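Chemist: Straight from TrEMBL, here's the annotation block:
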DOMAIN    74-251  domain 'Amino acid permease/ SLC12A'
DOMAIN    362-648  domain 'Amino acid permease/ SLC12A'
DOMAIN    662-780  domain 'SLC12A transporter C-terminal'
DOMAIN    789-1035  domain 'SLC12A transporter C-terminal'
TRANSMEM  71-93  transmembrane segment
TRANSMEM  105-126  transmembrane segment
TRANSMEM  147-168  transmembrane segment
TRANSMEM  201-220  transmembrane segment
TRANSMEM  227-250  transmembrane segment
TRANSMEM  366-386  transmembrane segment
TRANSMEM  406-432  transmembrane segment
TRANSMEM  452-470  transmembrane segment
TRANSMEM  506-524  transmembrane segment
TRANSMEM  530-555  transmembrane segment
TRANSMEM  567-591  transmembrane segment
Amino acid sequence: PFINNTDDKGNSYDGTNMALFEEEMDSNPMVSSFLSKLANYTNLSQGAQEHEEADDDEGPKKKASPQMGTFMGVYLPCLQNILGVILFLRLTWIVGTAGILESLAIVGLCCSCTMLTAISMSAIATNGVVPAGGSYYMISRSLGPEFGGAVGLCFYLGTTFAGSMYILGTIEILLTYMVPKAAIFVADKKEDELDALLNNMRVYGTCCLAIMSVVVFVGVKYVNKLALVFLACVILSILAIYAGVIKTIFDPPYFPVCMLGNRTLKNHQFDKCNKIEVIDNITVTTQLWNLFCDGSQLNATCNEYFVNNNVTELQGIPGLISGVISENMWSTYGPLGMLVEKSNLPSVEGGDPTQDIYMPYVVNDITTFFTLLVGIYFPSVTGIMAGSNRSGDLRDAQKSIPIGTILAITTTSIIYITSVVLFGACIEGVLLRDKFGDSVKGNLVIGTLSWPSPWVIVIGSFFSCCGAGLQSLTGAPRLLQAIARDGIVPFLQVFGHGKANGEPTWALLLTAGICEIGILIASLDSVIPQVYSCLQFFLMCYLFVNLACAVQTLLRTPNWRPRFKYYHWALSFLGMSLCLAIMFISSWYYAIVAMVIAGCIYKYIEYRGAEKEWGDGIRGLSLNAARYALNRLEDAPPHTKNWRPQLLVLLNVDSDQAVKHPRLVSFTTQLKAGKGLTIVGNVLQGTYLTKESESKKAEQNIKAAMSAERTKGFCHVVVSSNLRDGVSHLIQSAGLGGMKHNTVLMAWPGAWKQSNDPQSWRNFIETIRETTAAHQALLVAKNVDSFPTNQDRLGEGTIDVWWVVHDGGLLMLLPFLLRQHKVWRKCKMRIFTVAQMDDNSIQMKKDLQMFLYHLRLDAEVEVVEMHDNDISAFTYEKTLVMEQRSQMLKQMHLSRTEREREAQLIHDRNTASHATINDKVDAEPEQVHMTWTKDKLLTERNRNRECNANVAVRDLFNMKPNQTNVRRMHTAVKLNEVVVNKSQGAHLVLLNMPGPPRNRGGDENYMEFLEVLLEGLNRVLLVRGGGREVITIYS
């Protein structure tokens, strides 16, 4: 009732409960509306909606939120990818070659690596929402776009090539074990069989890829339905293996292995394991006899080993309780071509060993050793990212990824470990080491164990390859789409587009194209490089997932709050170490190649990619390292040997905030050559509240100028009530801790004589005084706009140093630093020093040459003698004109600004930051009366003005020059004559800068002295040391 309530139709905010905050509602929404937006968040592929809305004129369409849960979205895809063909085709051979104990070590090593990686991945996945991209998203947001892009693209290539290998495996199983008659190309000769097989694989592989691509294009839900069927077949195959193991306890299957002595025979070309047999009381030779003898007669010439040893049959699968496990505990590594033998069978050596390769013996097709088996086995555990790669399709990625992935790894680890033990306990060692089943008529070794039929394993391995290929074609395009939509690799951005529901159409086409390349190569010689390349890319991805978790945990950033609590940085480091070890254990040269590829992608993204700030751990690591280094630097000032100019560059901007002297930035780059600290400072006059936009614009313009000149450093724009205070604040406070500037670089105020405001050159002189008080060096560049740019290349010429007084050796150091840059590289250094009447010029030159020799500086030395001449009339007259001009300007300035000065009189007397204080006011306090009337004040002011004007005019004609000023002018004139005579043609002249007078009344005369000193010289750098030695002769 007491509030005058007016209806404001423009306000969307109604109500009075929160009236205190109503002015901030536009920028800071109410918590209720904020929470409702958060609740409606969907983790669909990021960027899908924006792209589609931009392409659709009808406006945005409502997207369906993802509905896949833990079982269908993560557990089953991981299970399907992990349970690959290695289990069916190679695990028995690994057990036979490495033995049960070392096989368990291999399985344990690989499964530990993936489990530790899954733990790290779970911590990252539960530390916030994980949109599309999976492992790439986790790495890039934790370690930065460069690492994320490099590892993400490598992982994409690995997944894509793995897809092509799975498809090739599918076709090989189809044409070798299932329907050999389906071959289109049939070889007439035995040597052409390989080419025919490869051509068949190319044709069928291309057809299979096309079918799979269509299924993936239709949608991920159809992939999941097919995957369920494929996985069911794989699980049935595994159950068939366990059933076969149980059956061996009471009824082992009959799979005899024919042995000659202790050597295993291939039984492709004979049916009976006998040398001879009796048919109708007639002894005849068998097919086996014909393989070792030159005829079928009993008196034929036979292989000596065949003659000396008997043929026996071994039970290939003796059963779980046969005790064969004790024989299979230990490894049996060997070279290429080594015979597969059973050590406890009798054997009589004989014959020529070089002829054994032509006999039907089972032999090693490759040289075997522990690390090789690690490399062969590891691809069978690399499916752990299958769920996280589809994070954009999950209903709750934070919950599903950890549970599904860890359960899948646990399940498959149990299957692999039990399989190792059961294979070693059931199957004869020589059959285990028979990689291709040649001793059992080419059957899959694991197929001989399964129940009810070996066909169960053949069909299971076929669908296993099919399912894994389908999962690769589903995950890889989504990974590429996520990388493309982040925009970190410019030429990949086209692959960020897709269908209206976010399906990655273009990425799928590229993935299918890369897969087709892998299929068309289809050479058995290239399969091993493909396997190792994929393995290295997978391991690199796992390594960086572990690294990301470890970095985030150790940095303890406030945003690191994962819901998954069962992680530790030590586990992540252990996982990272295992990944690195397996990379080099399996193939050190492929590991190096993979690292070089990732390094090239990293540098490309760093050079051409878009700059992203994702709050990643590498930035946090840099911040921690910088903080640590700054704390160390704070302990003590740098030693003379480590001293280098850390520059504060005072740069001016015009009324439009454009940089006035960009060549000053160029000179900074040439002086620094990218080393040391550079702070480019600027002062704007006013208050920050009114000048905020101008301040930001000036900062952007200065940063643009620094970028154009490739100046590495920082920009610092200060808004102050007056320029003098702003420069003072910069000199005092720029930098941080031990990383503070020690040198100030500024331009000479060239228009100080034409300026009506004396404050400009007074600010310049006060800056000199403040740098001296702060023990900082000062560099003043005259005619800075004529200095060379970074694109210029100065030819033969000189940098002349005029060493008049020693103030730390900065004059010697600056030419050396300049000559490191390509602009000044061809210039020679000349050092001039001034000798007085009493000095020995010859000795001075020798001493200076020795000093430069010890400083390791190459320079020409010249000693210039300046005699004590009488002061010329020119010098006397120039001093007199200078003082008269100074006095006249002072009177003119007083009469013009008297009103403003009187209005600020009380303020000026009480403000310590002003450089000049009106001494007359302090000396005449009787002029200030609090009871004066306005008329009395005007009368007194006019009387004083007339009196002062008369005195001033009279003094101008009667004054005589000050003797100190005459002597200083004499020095300036004489030194200028010498410098111009010697150095007028030099590319740059470096000169000691004389200090300003202690009495501020002579400031304007000081500017005249400097002007006379520099007259007739083009490029000059005035140098004033900071009061400490900056160059040393010691190592």
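Glycine is no exception: its Cβ is also placed from the backbone N, Cα and C atoms.
Nobody curates TrEMBL annotations by hand; they come from automatic prediction.
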Chemist: So, do the transmembrane segment (366-386) and the transmembrane segment (506-524) meet, by the test of 3 or more Cβ pairs under 8 Å (sequence gap 6 or more)?
Modeler: no
Chemist: Which stretch, 406-432, 506-524, 530-555, tops the Cβ pairs under 8 Å count with the transmembrane segment (567-591)?
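Modeler: Between the stretches 406-432, 506-524, 530-555, 530-555 has the largest tally.
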Chemist: Under the DSSP assignment, what numbers of helix, strand and coil residues are found in the domain 'SLC12A transporter C-terminal' (662-780)?
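Modeler: Taking each residue of the domain 'SLC12A transporter C-terminal' (662-780) in turn, the totals are 58 helix, 26 strand, 35 coil.
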Chemist: Find the average pLDDT over the domain 'Amino acid permease/ SLC12A' (74-251) in the predicted model and report it.
Modeler: 85
